[in-house]
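Novice: Quick one: the structure is below, and I'll ask about it shortly.
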Amino acid sequence: MSNPSLSSKLLGGNLVLRIAIGLVLGACLALVNPDWAKNVGVLGQFFVKSLRAIAPILVFVLVLSAIANKEVGSDSKLKPILVMYVLGTFVAALTAVVLSFMFPTTLELVSNPDNLNPPQGIGEIIKTVVFNLVDNPLQALANANFIGILAWAIGLGIALRHAAPSTKTFLNDFAEAVSFVVKVVIAFAPIGVFGLVAETIATNGADAFVGYARLLGVLLGAMVIVAFVLNPLIVFWKIRRNPYPLTLTCLRESGVTAFFTRSSAANIPVNMNLAKRLGVRDEIASVAIPLGATINMAGAAITVTVLTLAAAYTQGIQPDFATALLLSIVASVCACGASGVAGGSLLLIPLACSLFNIPNDIAAQVIGVGFIIGVIQDSAETALNSSTDVLFTAAVSQAEDQKA
């Protein structure tokens, strides 16, 4: 009998439980000995710095590989499903914007620099985006210019779609290697959360968690509205009958499993089995379900939008609605890069924050806040993402059957 490898020991186990334990231990240490709690804050700072280091290369490699490996000439029957995926993700981001405007949230961060230069409306933001698009790719990676990174990744990905199979295999293997490094970093999340929570409570008091509770309320509120109101409306638009039997079936049989696995990729077999029982043809489900696990990211769009606007409010920035609408579009695009990576949506926050000229160190601290609330946030996000995959696929299948 072989012993488990070090990597399997490190990456295995229940991450949610370990993060929860780290959160509780950090809070207890801060209440018992605030001085020690401030000292262990270096663990959280190290974790956040690790996230900042991996985020640029992660976005570049995942987007490049995903576009380069996309099959040319996709089945036209998938187009209605893709439309629903894109529409659902954008509607989710827009819902997050509306709730964030209704319930603006500020966060307790370690630092609050006074030298911010917030953009003066949508015109300045568009100008910044255009100039960042043409940044030198190496400089974009070094400076974490995520807009430039995204532009180069998309451009190179399109150019490499007709590359040799060996090139595509290399890109896919490289993406998996980067994802493995990310998993190793994420495996230390319990220690990082322990340090972040301990330092936050010791420095700011337990009241800091009031802001986190409000933030979590906005996040979960947006997800509930999307899952029980907006997704059914989109399904009704497609099948023209009561959408709730199908919606509740998908939430119960796919969402619950995804909530505990916290992985859309791991939930693909569950969705495939459910799609088959719902009458979806295998040739459609075998493509649409894995594709949904990659690009259908309503929960991730909500997370990116809410946390980015919370970062803006924390820095005293008051976004106008036009800017927030642009954020919805950016969040929808960014969310597609969050698939298959633990905490992936959190790592894309710096990209969205760059729209408001929020420094990367502040964005990284917001990522840390995301990990503190991630015990619930990431589970709920995955449940929404994965259940929506099979929901929209089944809805399109039923609509096609009605036409036949």
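Note that Cβ sites are derived from N, Cα and C of the backbone, with glycine treated the same way.
Quick caveat, the model's predicted, so the values are computed rather than measured.
Sequence annotations record features per position, and here Swiss-Prot assigns transmembrane segment to 12-32, 53-73, 81-101, 140-160, 177-197, 216-236, 287-307, 329-349, 356-376.
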Novice: Which residues, given as numbers and ranges, are at least 6 beyond the ends of the transmembrane segment (81-101) yet have a Cβ under 8 Å from it?
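Specialist: Distant Cβ neighbours of the transmembrane segment (81-101) are 218-219, 221-223, 225-226, 230-231, 234, 238, 284, 288, 291-292, 295-299, 301-302, 304-306, 309-310, 321, 324-325, 327-329, 331-332, 335-336, 384, 388, 392-393, 395-396.
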Novice: Any contact between the transmembrane segment (216-236) and the transmembrane segment (177-197), i.e. 3 or more CB pairs below 8 Å with pairs at least 6 residues apart?
Specialist: no
Novice: Give me the stretch from 53-73, 177-197, 287-307 with the greatest number of Cβ pairs under 8 Å to the transmembrane segment (140-160).
Specialist: 53-73
Novice: If we skip the immediate neighbours and take only residues 6+ beyond the ends of the transmembrane segment (53-73), which ones have a Cβ under 8 Å from one of its Cβ atoms?
Specialist: 140-141, 144, 146, 149-150, 152-154, 156-158, 160-163, 167-168, 171-172, 174-175, 178-179, 181-182, 185, 294, 336-337, 340-341, 344, 347-348, 350-351
